[in-house]
Amino acid sequence: MEFWKLFIVALMPIVKVLLMTVLGIFLALDRFDILSKETSRRNLNTIIFFVFSPALVCGSLAQTITSKSLHILWFMPLNVLLAFIVGIVLGLLLVKMIRVPHHLHGLVLGCCAAGNLGNLPLIIVPAVCKQKGSPFGDADICHKNALGYAALSMAIGSIYIWTIIYNIVGMYSSQISKEVKVDDSMITPNSTLEIVQENISKDRPHTNHVKQLEIECTTSIGRVKIPTKEKIMKHIKVLVEKINLKALLAPEPIGAVVGLIIGIVPIFRKLLIVNNAPLAVIQDSIVMVGDAGIPAMTLLVGANLINIKGLGEQFPIIVGIIVVRFIALPGIGIGIVKGAIHFGLIHPDPLYQFLLLLQFAVPPAVSMSTITQLFGVSEGECSVIMLATYSCAAFSLTLWSTFFMWLVL
């Protein structure tokens, strides 16, 4: 495929995202009064979270994933996990290097780690197959495989986003809310005691007094030797409390699990998916609802641009995220995928290898806008980052796609 044809193929999905973002901005203007109020944006976000996103994941997976394909695609979950881990590490380095404000730590880490593994691969990879002179062989077979690969990529990405990134953003947002409560002088006796204890712990000369007080308290009650099993259970309990297990039961991961079950289990597949299936109307309805998810999420990104504040202050953050997502991550991804190919861990399919490489080069996930809206933090900043990164992706994603094709063929 010629460079300019490939450029158009990779450019079109990005242009679609930018056009829908601009439409979201217009809908959020007071003159139109559709998404201008914060309550209306929150209501749309709630519908996306509970209805559109799980339907999109469930419908795509049920149609394209089978038990045979899972044996071939086993490396993809590990590849996405490595992309998330590398992104978080690079994000932490970025936070330290440019001294990102504390209230934006969760947003920066999320944008560096979570890539758009859903709608962009679903548009780009099948579109490459349809192009005349595609390097991936027969157009129909290529298109069918591309849909399966992209659907699984979207499902895996959604599970990691709502389990890892959701918890990271939630952790930093809870810290911000605690700081706001203290700043507003809403101090209860319990919070006063916590602040005093923190001040005492920071003051080194007084640490011995605190330890002595703890010893006296324990001796007054009587020392009880705690069995090792109870100690382990206490550590597990603390870990569970720190991790928000509700995120594991978020609608999108549940939709992914249901879609995998329908696609893998032959009985469900015969009832819902195959030609002339008796319950095919249910699957068709799920797909129709899910198709509204990507436009709704993108409109919300544009609507949140109304809350833009301090563009000059965010410029170093935007540049840092662009460097991480479009330069550092793709370079590291090439090393990971080529290493896996060398050791025979990846199915020798150029299209599959192309998608694995593409997962390291995509812009931040649109779901970041949904997550920040749910926690009520950094919505405007998130929309600015989305607009900037997707504008840069129009060029960077095209260049990387060209290079990845040359690499796998």
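Each residue, glycine too, has its Cβ placed from N, Cα and C.
Just so it is clear, the model here is predicted, and its values are computed rather than measured.
Beyond the transmembrane segment (6-27), the same-chain residues lying 6 or more positions past its ends with a Cβ under 8 Å from any Cβ of the stretch are 34-36, 119-120, 123-124, 127-128, 131, 295, 298-306, 366, 386-387, 390-391, 393-394, 397-398, 401-402, 405. Under the heading transmembrane segment, TrEMBL lists 6-27 (among others).
With a cut-off of 8 Å between Cβ atoms, the residues of this chain six or more beyond the transmembrane segment (47-66) that come close are 118, 122, 144, 147-148, 150-152, 154-155, 158, 250-252, 254-256, 258-260, 262-264, 269, 272-273, 283, 286-287, 289-294, 296-297, 300, 367, 370, 374. The feature transmembrane segment is assigned by TrEMBL to 47-66 (among others).
Counting only same-chain residues 6+ beyond the ends of the transmembrane segment (72-95), those with a CB under 8 A from a CB of the stretch are 105, 108-115, 117, 148-149, 152-153, 156-157, 160, 164-165, 168, 317, 320-321, 324-325, 328-329, 332-333, 336-337, 340, 345-347, 349, 352, 355-356, 359-360. What TrEMBL records for 72-95 (among others) is transmembrane segment.
Summarising the annotation, TrEMBL assigns transmembrane segment to 107-128 (among others).
Summarising the annotation, TrEMBL assigns transmembrane segment to 148-169 (among others).
The transmembrane segment feature in TrEMBL is assigned to 243-265 (among others).
The feature transmembrane segment is assigned by TrEMBL to 285-306 (among others). Listed by sequence, the residues of this chain that lie at least six past the ends of the transmembrane segment (285-306) yet keep a Cβ under 8 A from its Cβ atoms are 17, 20-29, 35-36, 41, 44-45, 47-48, 51-53, 55-60, 62-63, 118-119, 366-367, 369-370, 373, 379-380, 382-384, 386-387.
Residues or ranges marked as transmembrane segment by TrEMBL: 318-345 (among others).
Per TrEMBL, transmembrane segment is recorded for 351-375 (among others).
The transmembrane segment feature in TrEMBL is assigned to 387-408 (among others). Sequence-distant neighbours of the transmembrane segment (387-408) (same chain, 6+ residues past either end, Cβ-Cβ under 8 Å): 1, 3, 6-7, 9-11, 14-15, 17-18, 21, 111, 120, 124, 128, 135, 301, 305, 318, 321-322, 325-326, 330, 334, 338, 350, 353-354, 357-358, 361-364.
Most Cβ pairs under 8 Å to the transmembrane segment (107-128), among the stretches 148-169, 318-345, 351-375, belong to 351-375. Note on the transmembrane segment (148-169): residues 53, 56-57, 60-61, 63-65, 69, 73, 76-77, 80-81, 84, 88, 106-107, 109-110, 113-119, 121-122, 125-126, 243-244, 247-248, 250, 252-253, 255-256, 259-260, 351-352, 355, 359, 365, 367-368, 371-372, 375, 377 of its chain, located 6 or more positions outside it, place their CB under 8 angstroms from a CB of the stretch.
Counting only same-chain residues 6+ beyond the ends of the transmembrane segment (351-375), those with a CB under 8 A from a CB of the stretch are 17, 41-42, 45, 48-49, 53, 72-73, 75-76, 79-80, 83, 107, 110-112, 114-121, 124-125, 128-129, 136, 142, 145-146, 149-150, 153, 157-158, 161-162, 165-166, 169-170, 173, 252, 294, 297-298, 300-301, 304, 321, 325-326, 329-330, 332-334, 336-337, 340-341, 382-383, 385-386, 389-390, 392-393, 396-397, 400-401, 404-405, 407-408.
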